[in-house]
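The Cu cation A1 binding site annotation in Swiss-Prot covers His161, Cys196, Cys200, Met207 and rests on similarity to another entry. Residues annotated as topological domain 'Mitochondrial intermembrane' in Swiss-Prot: 1-14, 88-227. Residues annotated as topological domain 'Mitochondrial matrix' in Swiss-Prot, with similarity to another entry given as evidence: 46-59. Here Swiss-Prot flags 15-45, 60-87 as transmembrane segment, drawing on similarity to another entry.
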Amino acid sequence: MAHAAQVGLQDATSPIMEELIIFHDHALMIIFLICFLVLYALFLTLTTKLTSTNISDAQEMETVWTILPAIILVLIALPSLRILYMTDEINDPSFTIKSIGHQWYWTYEYTDYGGLIFNSYMLPPLFLEPGDLRLLDVDNRVVLPVEAPVRMMITSQDVLHSWAVPTLGLKTDAIPGRLNQTTFTATRPGLYYGQCSEICGANHSFMPIVLELIPLKIFEMGPVFTL
């Protein structure tokens, strides 16, 4: 999860997030290169005396600053499109969970486990135990297995919400009357936190998401939900 004074992204817990981190570093390298070239050009302009105000045409220069940005855009667009298509792939998920956004809590349905349904509310400060996180912990966590593809069906009952867990590289809008879906495969057990990432009203900041990822063998032994 995120921590104070953190500079980079959160550690990846899914293949998609690993790809996003690589793409972030790739794009950042290009941005640094552009900044260096611009600052270098400004430095030369401000320090050299060999300037001319009579230049009215420079075909070579115009060709370069037209082709070079096009190449840079292609270098950014190709890996971005690859990741975009990866996020849309649905490869035979092991099971499906439905998430419904409300003002201001989440409802989860384990359709493959006897239709288990429960609500997940943020824990008020008075109910926090030692080690719990303020504004991030919930009364009922979403328990999921690692190393198994999971499909999330996401919708809303009232206004726009967004179901997001940064460490998994997930952010899917919850839209009333529409069912969106996303898949992920977690690679490490642990507790992972997210929040509603679409402004949805006065208590938008108070509808967190907590995923408890456990080994697949333990998950298959039976219900382990913290209800």
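Glycine is treated like the rest: Cβ placed from N, Cα and C.
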Chain residues outside the transmembrane segment (15-45) and at least six past its termini with a C-beta under 8 angstroms from it: 9, 51, 72, 75-76, 79-80, 82-83, 86-87, 166-170, 184-185, 187
Structural state of His161 (Cu cation A1 binding site), classified by DSSP into three states: strand
Other CB atoms, at most 10 A from the CB of Cys200 (Cu cation A1 binding site): 21
PLDDT averaged over every residue in the topological domain 'Mitochondrial matrix' (46-59): 71
Which listed residue (His161, Cys196, Met207) has most other Cβ within 10 Å, given these are binding-site residues: His161
Extra residues within 8 Å (Cβ to Cβ centroid of His161, Cys196, Cys200, Met207), Cu cation A1: Gly101, Gln103, Trp104, Trp106, Ser162, Ala174, Gln195, Ser197, Glu198, Gly201, His204
